[in-house]
Amino acid sequence: MTTPTSPRRPDWRDQAACVQQGEPEDWFPHPTNLAAIDAAKRVCFRCPVMLDCAQYALTTRQETGVWGGLSEGQRYTLTKKRRVHLAGPDRIRAEVLRVLRPEMDPVTRLEDVWERSTRPLPGGHLAWAAGTAAHVKIRGVTYTANQLAFTVDRGRRPVGMVRRTPDCEVVECIHPKHLEDAQERELRRKLDELGVQPRPVEAVAS
Ligand code: SF4
Ligand SMILES: [Zn+2]
């Protein structure tokens with residue numbers, strides 16, 4: 001009989017990339033923490049047992065965390081709407097790959113989309129290129145212009161709303177250095193309270 005102290009039989013978990021990398025809580029970020037979810041997914045996409053892990057999470061109805069590259073919301077859709085947990089292993093794996101393939105696509109680079117979608121404005125500001133859709137979908141993730149600008153420049157997903165900094169008064173400006181997310185806004189307010197002068201934004205004509 002198996003007891004909690006008995007060693008378990010070897011299985012897919014022995015090759016789990018998350019065991020070697022990071023802390024267990026890194027795979028259980030808050031559902032609104034998109035940057036942390038993205039970071040966990042990136043490790044999953046290189047994990048040799050991603051499909052086993054996803055299948056396990058779907059069939060055992062794991063509700064929280066990132067499993068097999070799937071977020072909570074993606075698993076919810078796969079189980080509640082598409083009922084894949086009741087399907088055989090082949091269909092489960094096919095559905096997981098269908099959902100994840102756009103996110104795993106290494107061809108679409110955020111930087112390339114950014115380059116194509118922007119145009120310069122006088123005074124060193126930048127605007128979204130005319131005729132370009134207001135949102136872009138890259139690797140399964142939808143970005144507004146502000147979110148794309150921020151992510152390309154900072155190398156991380158924004159926390160909360162991305163808005164112009166008070167230094168830039170050009171309404172349509174999406175210059176990444178003229179934008180800040182909620183985390184940076186909070187930091188700026190704290191620095192203001194302490195009387196510390198933040199760095200001036202780049203490329204704004206005086
Ligand atoms: S797919 Fe992700 S969560 Fe699953 S074992 Fe691999 S790294 Fe861990
Ligand atoms: Zn600007």
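Placed from the backbone N, Cα and C atoms, the Cβ positions cover glycine too.
All TrEMBL annotations are machine predictions without curation.
For reference, TrEMBL has these:
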| type | residues | note |
| --- | --- | --- |
| BINDING | CYS18, CYS44, CYS47, CYS53 | [4Fe-4S] cluster binding site |
| DOMAIN | 17-77 | domain '4Fe-4S Wbl-type' |
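Location within the structure of each feature annotated in TrEMBL.
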| residue | record | Cβ neighbours (10 Å) |
| --- | --- | --- |
| CYS18 | [4Fe-4S] cluster binding site | 19 |
| CYS44 | [4Fe-4S] cluster binding site | 23 |
| CYS47 | [4Fe-4S] cluster binding site | 21 |
| CYS53 | [4Fe-4S] cluster binding site | 25 |
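In three-state terms derived from DSSP, CYS44 ([4Fe-4S] cluster binding site) belongs to a helical segment. Excluding CYS18, CYS44, CYS47, CYS53 themselves, the residues of that chain whose CB lies within 8 A of the CB mean position for the [4Fe-4S] cluster site are, in sequence, ALA16, ALA17, TRP27, VAL43, VAL49, MET50, VAL66, TRP67, GLY68, GLY69. When secondary structure is read from DSSP and collapsed to three states, CYS18 ([4Fe-4S] cluster binding site) falls in the helix class. Taken as a whole, the domain '4Fe-4S Wbl-type' (17-77) shows an average pLDDT of 93 in this prediction.
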